[in-house]
Amino acid sequence: MHKLIAGVDEVGRGPLVGDVVTAAVILDPQNPIEGLTDSKKLSEKKRVALAQEIREKALYWNIGRASPEEIDKLNILHATMLAMIRAVEGLPVKPDFVRVDGNRLPAWNFDSEAVVKGDSLHAEISAASIIAKVERDNDMISLHEAFPQYNFAGHKGYPTKAHFEAIAEYGILDCYRKSFKPVKALLEEK
């Protein structure tokens, strides 16, 4: 039997709104997926197609999240680590080894390594990067459907000029990260 290696990555540390989303993926070495790379290097159409293929072909995968409230309470780094723990612990099997994109590891009891630029180096991290990105983008599309005036489908919650203009006109929703400086500053003005 081969070792079960999980790849983990996060999406959404920089946006002003929504969850930070992480994914853990254990790929099937007998069922390879072509075209895996860092999700940021792929078109949206290709990401969505690959995310579907990953969900179908991976041995196991799971999403972990931390809410805006948790981000505000813990800070973005600790909330991201919490979301990663949730992603891995939510897998139906315990991985033998975990590779995490970046330079930090969560405080957990898994044999693991942090890999800088891991989403370009290891297929399992690339797969995690892709399904986390598609999951978070879908969150923003749903939010856009509820609040089209903010154009969440366009800026995905990131601090763009158009996003700040929408906040100035329509206000700050509950899904905003109130500890993030631009949001905090706007709340203090009120």
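For all residues, glycine too, the Cβ spot is worked out from N, Cα and C.
Positions annotated as divalent metal cation binding site by Swiss-Prot: Asp9, Glu10, Asp101. Residues within less than 8 Å, Cβ to Cβ, of Asp101 (divalent metal cation binding site) and separated from it by at least 6 positions along the same chain comprise Gly7, Val8, Asp9, Glu10, Ala114, Val115, Lys117, Gly118, Asp119, Ile125, Ala128, Ser129.
Mean per-residue pLDDT, taken over the domain 'RNase H type-2' (3-190), amounts to 96. Among the features that Swiss-Prot reports, domain 'RNase H type-2' is placed at 3-190, with the record citing sequence analysis.
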**Complete:** One residue among the binding-site residues Asp9, Glu10 has the fewest other C-beta atoms within 10 A of its C-beta, namely Glu10
**Item:** Residues flanking the divalent metal cation site, with Cβ no more than 8 Å from the Cβ centroid of Asp9, Glu10, Asp101 and excluding those residues themselves
**Value:** Val8, Val11, Thr22, Ala23, Met84, Val100, Gly102, Gly118, Asp119, Ile125, Ala128, Ser129, Ala132
